[in-house]
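*Asks:* Annotated domain 'Radical SAM core' per TrEMBL: 55-268, in sequence order. Residues annotated as [4Fe-4S] cluster binding site in TrEMBL: Cys69, Cys73, Cys76. For Lys283, the entry in TrEMBL reads N6-(pyridoxal phosphate)lysine.
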Amino acid sequence: MLATRLSPHLKKLTKVCPEIYRQFVPSNKEEQDETITSADPLLEEHFTVTRGLVHKYGNRALVLLTMNCAAYCRFCTRRRKVSDIAKGIVSTKDLDNMVRYIKQHPEIKELVFSGGDPMTVPEILKQALQKFVKLPQIKVIRVGSRLPVSNPSAVNKKLIEALKIVKKQPLYLMLHFEHPAEITEATIKALNRLRPVCTMMLSQTVSLKGVNDSVEILYNLFSRLVEVGVKPYYFFRCDPVIGVEHFMVDFKKEIKIFTELRKRLSGLATPLYTIDAPDGSGKIPVPLDFWEFKADSYKDFRGKKIKVK
Ligand code: SF4
């Protein structure tokens, strides 16, 4: 059962922005799912190889350091266990077990730290990074977080010092944004503190009914992200997890919205629109309405048919 938590920063925003309120304040709709029954559609428990390490794709592994977040998003994919602090923070022994598994699997080249939010536990993050950066097989490190949005003042010296451990590998920060009103002055300042210690900041956005199911909102979000130095990376269809059905946008409407966005946004501001297949088989790009691409012809953004020469 996902607990309720809001930071003082978000509490203020929920009072002026209904789209932010819906993301963090529980509704009784969470108890009313009709068609979704799975708590773990991406089969992460099945692919957990040692506590805190999920190895589903050959060359990369997911590291889950904690079940803690600065605020709990009601649509969280891992709501089955996020906020359950008892299942929470990994120990030094868990980290050593992860190192052992990674060494036994030289095909793992990339580590992806994901939520609960690893940036909310800078001491553990530092300890984990100290162990992982020493492994010559690890070429890339990604850290996912919503902290710059949910509690920007917690992007502090301690966290920056932890991230500075990564020197040899490129460090990509994958930051969660769902609505343009989340890009406040405080969040921009947090991004400015993170920028010098990473290779690149990218964003992930989940498509959410009543939050961002509109061309205007997403246009503003992705345009603003580029302006504040964050490259929009993924736009995900909401995962079909029990308790989140009320957030799922009608698929045809979602495709229509994204088709329109693709016409209006620059390439830099356009994320990859993707569905994470609910049988654990991975991410699949969603074809858009104008993408009637055949071997001998295709349609442009205005629907004009063009022959391939
Ligand atoms: S910050 Fe990430 S892990 Fe935490 S509740 Fe939100 S989506 Fe889930």
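Heads up, the Cβ atoms here are built off N, Cα and C, so glycines get one too.
Owing to the predicted nature of the structure, the values given are computational and were not obtained by experimental measurement.
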*Asks:* In whole Å, note down how far the CA of the residue listed as 'N6-(pyridoxal phosphate)lysine' lies from the CA of Cys69 ([4Fe-4S] cluster binding site).
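*Replies:* For Cys69 ([4Fe-4S] cluster binding site) versus the residue listed as 'N6-(pyridoxal phosphate)lysine', the Cα atoms are 24 Å apart.
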*Asks:* Cα of Cys76 ([4Fe-4S] cluster binding site) to Cα of Lys283 (N6-(pyridoxal phosphate)lysine): how many Å, rounded?
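*Replies:* Cα to Cα, Cys76 ([4Fe-4S] cluster binding site) and Lys283 (N6-(pyridoxal phosphate)lysine) are separated by 17 Å.
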*Asks:* Rank the binding-site residues Cys69, Cys73, Cys76 by the number of other Cβ atoms within 10 Å of each Cβ and report the first-ranked residue.
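*Replies:* Top count of Cβ atoms within 10 Å goes to Cys69.
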*Asks:* Let me know how many other Cβ atoms fall within 10 Å of the Cβ of Lys283 (N6-(pyridoxal phosphate)lysine).
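*Replies:* A count of 13.
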*Asks:* So what's the mean pLDDT when you look at the domain 'Radical SAM core' (55-268)?
*Replies:* 96
*Asks:* What three-state secondary structure does DSSP assign to Cys73 ([4Fe-4S] cluster binding site)?
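*Replies:* Reduced to three states, the DSSP call for Cys73 ([4Fe-4S] cluster binding site) is coil.
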*Asks:* Which whole-number value in Å describes the distance between the Cα atoms of Lys283 (N6-(pyridoxal phosphate)lysine) and Cys73 ([4Fe-4S] cluster binding site)?
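*Replies:* The separation of the Cα atoms works out to 21 Å.
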*Asks:* Taking 8 Å from the centroid of the Cβ atoms of Cys69, Cys73, Cys76 as the cut-off, which other residues in that chain fall inside it around the [4Fe-4S] cluster site?
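*Replies:* The answer, listed by sequence position, is Leu2, Ala71, Tyr72, Arg74, Phe75, Arg78, Arg79, Val82, Ser83, Gly115, Gly116, Asp117, Arg146.
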*Asks:* What recorded positions among Cys69, Cys73, Cys76, Lys283 have a C-beta sitting less than 6 Å from any atom of ligand 1?
*Replies:* Cys69, Cys73, Cys76
